[in-house]
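Visitor: Once you've had a glance at the structure underneath, I'll fire off some questions.
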Amino acid sequence: GKEAVIANALIAILTIGGQQLFSVFTFSCPCHVGQNLIYGLAFLGVPALILLVVGFALNNQTWRLVTGKRSPLQEETTPNRLLQCKLICFVLCSITGRALVAPVTWLAVTLINGSYYVCAMSEYVSVHYYGANLNVTASERRRILAVFPCSQLVPPELSRARDEVILLLRYQSQVAGWLLIAVVVMTVFLSYCLASCFSPLSFLHFRYWSSYVHNEQELFDEATDQHSRLYAMQHVRKFFGFVPGSENVKEIRIPSLREWQAISGLAFLKQVDKEHYDYSLLHDWALKESADRKYLKTDEDS
């Protein structure tokens with residue numbers, strides 16, 4: 001839907017901005033044999049991997065897939081393994097597609113920029129870019145190539161060869177970046193085409209279904225917030241003797257030291273029976289204890 005397109009666009013824009021700031025303030029090629037490749041690939045791959053993990057973690061569908069269990073209503077019917085596998089594959093593809101937006105954007109922008117690739121690959125350029133008359137050993141050749149990303153360390157007689165090497169590596173990096181963008185665009189387009197071809201819904205019916213799912217989730221979130229607030233209010237009222245925000249409070253309840261201790265501290269979600277949980281220590285106290293403790297009259301009427 002439009003919301004997904006806007007969200008993906010915002011993720012891509014933020015990733016591009018973050019990459020530019022990251023390059024300006026943190027990247028500095030070591031220009032040393034053996035270190036350039038590790039450093040360059042680390043700046044290419046590690047942020048992309050982190051963005052991929054964050055993309056999975058921020059998607060609600062990930063946690064729904066991980067924590068979801070089969071409904072008791074589904075257990076009464078014969079499970080359709082093929083349909084279940086198709087559903088899981090569809091959800092995984094949807095989650096992965098959304099999670100890949102940021103890392104692919106990072107890789108594409110980084111490759112088009114070229115700095116990381118130049119740093120990583122400088123010492124592996126073919127020998128003829130040095131000049132034919134340079135008589136050095138292989139290890140010395142790699143050492144010279146490794147300093148090419150740092151122009152201030154390159155001997156004056158090799159400045160032209162250095163410029164040629166940098167241009168070649170930038171060309172390779174930018175071509176790889178644009179190829180990555182082209183492959184991603186074609187993959188996304190073909191995926192939408194295949195999904196539309198195999199969809200059982202017509203175009204307008206699909207738009208209605210998307211609108212319904214979006215509205216249902218919004219209403220469910222609103223109801224969840226209101227329901228949990230009202231439910232929690234019952235427990236708070238039992239502990240303090242009044243509802244927060246009430247006018248003309250006649251009396252308040254004075255909790256005992258034991259009750260304060262009972263609702264303080266750390267607690268895990270606790271299963272009460274097969275169908276219910278205690279969500280907090282206050283919830284547990286409210287369900288187990290009576291509230292026949294000391295009450296204090298307020299002087300609002302005086």
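Backbone N, Cα and C atoms are what each Cβ position is placed from, and that goes for glycine too.
TrEMBL does not curate its annotations; it predicts them automatically.
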Visitor: Out of 6-25, 86-105, 266-285, let me know the one TrEMBL marks transmembrane segment.
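Guide: It is 6-25 that TrEMBL describes as transmembrane segment.
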Visitor: Residues of the same chain, at least six outside the transmembrane segment (37-58), with any C-beta under 8 angstroms of its C-beta?
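Guide: Non-local partners: 11, 15, 19, 22, 27, 29-30, 95, 98-104, 106-107, 110-111, 116-121, 123-124.
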